[in-house]
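Asks: Pasting the feature list from Swiss-Prot:
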- Ala33, Ala34, Ala35, Gly36, Ser37, Gly38, Lys39, Thr40: ATP binding site (BINDING)
- 1004-1016: compositional bias 'Basic and acidic residues' (COMPBIAS)
- 12-477: domain 'UvrD-like helicase ATP-binding' (DOMAIN)
- 478-786: domain 'UvrD-like helicase C-terminal' (DOMAIN)
- 997-1016: region 'Disordered' (REGION)
Amino acid sequence: MMNAIPVKPTGTRWTDNQWKSIYAKGQDILVAAAAGSGKTAVLVERIIQRIIRDEIDVDKLLVVTFTNASAREMKQRVDQRIQEASIENPDNAHLKNQRVKIHQAQISTLHSFCLKLIQQHYDVLDIDPNFRTSSEAENILLLEQTIDEVLERHYDILDPHFIDLTEQLSSDRNDDQLRNTIKEMYYFSVANPNPLNWLQHLSTPYEDESQQETLFNLLNDLAMIFMNSALEALNKSYDLFMMLEEVDKQVAVLDKERRFLAEAMEGGLLNTQKIAEHQFESRFPAKNKKIKEANEMMIDAYDDGKKHYDDYKALVSKVQEDYFSREAADLKTDMQRLAPRVAYLAQVTADVIEQFNQKKRSRNLLDFSDYEHFALRILMDSNGNPSEIADMYRKQFEEILVDEYQDTNRVQEKIIACIKRGDEADGNLFMVGDVKQSIYKFRQADPSLFIGKYNRFTLDGSEHGMRIDLSQNFRSREEVLTTTNYLFKHMMDEAVGEIVYDDAAQLYYGAPFDHKPHDVQLNMLIEDASSDLNGSEQEAEYIVQQVEKIMSQHEIYDIKTEQYRKPSYKDIVILERSYGQARKIQQAFKDHNIPFHVNSKEGYFEQTEVQLILSFLRTIDNPLQDIYLVGLMRSVIYQFTEDELSNIRVFSPNDDYFYQSIKHYMANDVANKKLVAKLASFLEDIEQYQDYSQSHPVYQLIDKFYNDHYVIQYFSGIIGGKGRRANLYGLFNKAVEFENSSFRGLYQFIRFIDELIERGKDFGEENIVGPNDDVVRMMTIHSSKGLEFPFVIYSGLSRKFRRDDLHRPVILNQSYGLGMAYYDVESNLSYPSLSSVTYKAIAEKEMVSEEMRLIYVALTRAKEQLFLIGRVKDEKTLSQFEQVSVSESHLPVSYRITAQRPIDMIYPILAKYQSSSLPNELRFEQTIEDVDQAMRPYVQLNTDFYEDIASETVTDVSEQRTVADIEMNHSKNEALQAQIHNQLSYEYPYQSAIEKPSKQSVSELKRQHETEQSDTNYDRVRQYRIGSTSYERPAFLSRSKQRKANEIGTLMHTVMQHLPFNKDRLTEEDVNRLVDHLIAQHIIPEDAKQDIRFDDIYNFIASDLYQLIAESDEIYRELPFVVNQNEVDHNKHSEEDASIIQGMIDLIFVKEGQYYFVDYKTDAFNRRRNMSDEEIGAQLRERYKVQMNHYRNTLETILKTDVKGFLYFFKFGQLSIEG
């Protein structure tokens, strides 16, 4: 039963839910702590209050953290708070005792707690108390050795089921696939409380028809997601083609597909036979002549209809290929055939577990998995119930507090369950975590444990346990939070993401930043196919440019001083999913002389200096390995040239090994004497090192090679010397660590290295950069978890998700078991089984869910500003993103499951919000009002072409040409001039069809209206419109001191765009500071001050309109729009081709639900003698009547509500615009 929570005093820094998290007790409590919500501070404060307020000894609390570093930090924080409390209450004996007991406090990782448990109760386990923890190298080699021996034993027995298994999972060359499968099954099984029991039940679904039926229903539900999307796409296609004429062939194809879907989906259960046998038309009928010559709207309708058909076809094909390439009966039949193989594979893995454990016991070794399983053996009796020792710990610990609970696995959950008190309704377990940041499934973390409690527990604690949501974020600016919220509102739900992103899950702004806008930047790079750089290299250059912009144009707000400062390189971090592109990014920063560091866990073995030493070690172990032998000879140590190596090979081209060729060359009388001497010296070296390796450990062999050839000195003296030296010492230290294990010798060390390389597990380059070094850092999203940075560049959004696990021969799932295809030994063909297709479908959904959570972690690292970097091959891809359909306020489930990259989800969501031209069915919301303030994204979508970026860094040769050069060139190209003249003089035969423009700005409509009233020919207006296009002024003109009127107008609009609206009005000093800031940020030119009309701005600040805006509820600036003119004119049924109206509204504000727009005018006008203000106002209203009407009608069309407006003339004042 929940105990009373003390009343929160006024003025406390804790939020209501933080306060509740600190003091609630009496039942199990789950704190769902969103990113940046201060969970660590809350956890420490809870511990302190349990000690001070409840007078619980600190050693009566068990605090479990995810890492040793977190445990150390938490213990230090608790110790510091106890000291502070002791100083405040010097006579408090309880606090004095805690100063002593803090050193025995159980604040540690669960592994550390398990280790202590084993050390205290080793007698229960019947193990030697002098055990030691195995090293990584030792564990890897010992497991490899165990698998070798177990497989050898089964090869001797040659059971028929084992033969079938090896036929399925081995190749003609080796059984690596079988070995890797056994290893994966080993790691999966030991993540369960009872590994052997888990293995034993793997074959049950293959034998039990009721479980097979359950699997089929699960697969049917997953496939139905795609079939429903296919039905929707087909209906859209059908509706569009039914609008067109002379498309009978196309409609016939669609009718056939509609009949197929009706039969395949009848009754809600998919007809797998129909799906498996269905064949599409080989080609969709092409457009006929009439369609090709139809108007643009009809052609667009045809193209859209064809696209929907293609989408339909892709969705059904997905179901055919991945789910039901065979009908249900066949899928189930092969399950029965697979049962013996699965059972035998499970038995082989069980044999590996048993023998691996025996090997570890004989060496008196324990690994981290043993920690957990031995702890369970201590805490559970033979019946699986808590033991007497577990009861003892239940009585000892008043409360168990678990940090990062979302990363718990099933074994750890069982350990905690053994030592906690009571049930969920009256327990003493306090858990903190965020399932949206559960990104360690590859370590067997099980987010379903968190999700289960999240769904069971209630906010009032009336049933089961209590759930408390910490949603207020104290890390990031509002723009980061609201944009993240908006993305995940439309991206994450129970279907994909495994949790609903609702009001409870979203982030709420709580940091004391100022209100200067810091929009999230979504920067899309369009690749240049003609560039010498590939797409990844172009993106690396794009990232460098972004860093340069941050350094030159941005500032950082210091919350403590409430002042801005210039950024340093260390304020910038680049986050990527992996280190796959780290080398290219590193090279780009090197090319631009920007300090950069990547503490990569990948690429260590690819470093030149490391490859040299590994080639040396492999050659000493076995010189009959050509790649390593030749690599060593060509290295800087021995410096054999390619000509020398080719001469050696030419002498004996038929030798199997290059080592033999060396011997034969040296024995040849006509060989080059100088080269023979060089080879003799080299072989003498090799033989000496081989002799040395027989009697010395590996690390001494490496050390001798370093000293003999001055390896450290050489690599220290070249570019990147500090890092290279660290890498060489790192390899030496690994050799020392290896020799301290139970394995010895050069061969075993090389095998250890090979296993690491094969598993993709690098040592990582040695870290030579400290936290205060001023460098741009690159790290993976995983390594950034728990950290925060002022500027985050989240790049690599266009790189594909890792789907390797979906293509493994065996797919494992903690909840469902093992899925594998059926291999027919006789026909040498493989067929999908019910388990293989179902588990693959589940794995695909879980994979995308984890990738979503990685995106969430990346976005929420940013404090000041977030930059998203994507890359596409052409603009068409971006347009296609906008056309992605919408389903129940989300991207369709089928679309999300099959998403290939982060950008596939991020761009469509943000682009749809930004676009004002999409039809309603492609939008998430119809109006701005539909978006809650906490969900409203503040984002700028920027599209850049790499060719433009590249040109910025290349000197423009044309600037160096003289007038004489141009004149000379002009005289030499008369033929070319004639050709150009003919092309430019070409007259379009269908000129009348384009007299009406397809797109017009509001200003153009205004000019058209004015010319119609004055009988001006429309051709003249059109000519004027084209001729008045504004181009950037050339460099020699832009140096002119005097700006033109239109340039001053643009300058004034820019200042007004950034002008703050304060209720107590800005001072002249405030305006001057604003202008200085705009100049410093390169938003306006340095010489702008001389042309800014400050008096006009001061007058505006003093106006009633300024005050009205300042007191409004919401303000939006510089809003672009593109709308259909027929919709604005309420003429939707017009058969005429509609024009598109585009424009930019200076400002919109909302006050008490009423929308207003404001249009600033810098126009000069003549005040005639004796004209009153009313007459001038009427004249100005008339002049801008058309433009303002279009603004108002456009906004009313978009917002679906009444809109009023104001014209503000800097030389006159405000004029209201109403309907």
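A Cβ is built for glycine as well, from the same backbone N, Cα and C atoms used for every other residue.
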Asks: Can you tell me whether DSSP puts Ser37 (ATP binding site) in helix, strand or coil?
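Replies: The residue in question, Ser37 (ATP binding site), is coil (DSSP, three-state).
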Asks: Among all protein chains shown, how many Cβ atoms are found within 10 Å of the Cβ of Lys39 (ATP binding site), not counting that one?
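Replies: Taking every protein chain into account, the count is 21.
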Asks: Sort out for me which one of Ala33, Ala34, Ala35 has the most neighbouring CB atoms within 10 A, since those are the binding-site residues we care about.
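Replies: Selected residue: Ala33.
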Asks: For the binding-site residues listed here (Ser37, Thr40), tell me which residue's CB has the most neighbouring CB atoms inside 10 Å.
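Replies: Comparing the binding-site residues Ser37, Thr40, the most crowded Cβ belongs to Ser37.
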Asks: For Gly36 (ATP binding site), which residues of its chain lie six or more apart in sequence with Cβ-Cβ distance below 8 Å?
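Replies: Correct list: Asn473, Phe474, Arg475, Ser476, Leu507, Ala511, Glu788, Thr860.
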Asks: Give the number of CB atoms, excluding that of Gly38 (ATP binding site) itself, located within 10 Å of its CB.
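Replies: That number is 21.
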